[in-house]
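To start, the structure under review is shown below, and the notes come after it.
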Amino acid sequence: MYHVIAATTNPAKINAIKLAFEQVFGKDTFDIEDINVDSRVPQQPIGNTETRTGARQRVMAARQVRPEADFWVGVEAGIEDDMTFAWIVIEHEQIRGESRSASLMLPEQILKGVREGRELGDEMAFLTKIDNIKQKGGAIGYFTDGLLSRTSVYQQAIVLALVPVTHDIYKQLNKKDDE
């Protein structure tokens, strides 16, 4: 059984990890332990690079805390221009997989608050009057009327980030690189 470390305590992100690992590896093949680690980027990362760095640093911190695990998963949500998205970083042994989620265009009234230094989740909670919306469907769930959610969008990106770990061609290429 695989031991998976979720470098987050956010239920929406943990559920996305669970669903993606079930899709790829099957039920009852892993257990997930969530841990709170610092991304070492601002609470609301701005830009592609800062967001990706946050996901990578979450994985690095999680590996230090739980070096005995089989997988370490970092999910970092960010904003670039007028879009929200997330970077997923997964490490297994010496292999790293990364993927960026789909993006959602945000309305100007939300972006204004973010530019003033507030988190997207806080702005969404204020606008929608939904407490802790970021740990539920998030902006994605709200604006798509539940057709998508943070969990569903992140789940797809997690499956894609697992490809270098699970696909034979990647494994063969990694072996050649090591020789």
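Keep in mind that glycine also has a Cβ here, set from the backbone N, Cα and C atoms.
Residues annotated as substrate binding site in Swiss-Prot: Thr8, Thr9, Asn10, Pro11, Ala12, Lys13, Glu68, Ala69. The local packing around Thr9 (substrate binding site), expressed as other Cβ atoms within 10 Å of its Cβ over all shown chains, amounts to 12. According to DSSP, Thr9 (substrate binding site) is assigned to coil rather than to any helix or strand.
The number of other CB atoms found within 10 A of the CB of Glu68 (substrate binding site), across every protein chain shown, is 7. The Mg(2+) binding site annotation in Swiss-Prot covers Asp38, Glu68 and is backed by sequence analysis.
Among the residues the record lists as binding substrate, namely Thr8, Thr9, Asn10, Pro11, Ala12, Lys13, Glu68, Ala69, the two farthest apart have Cα atoms separated by 25 Å. Note: the CA-CA distance between Thr8 (substrate binding site) and Asp38 (Mg(2+) binding site) rounds to 9 Å. For Pro11 (substrate binding site), other Cβ atoms within 10 Å of its Cβ number 15.
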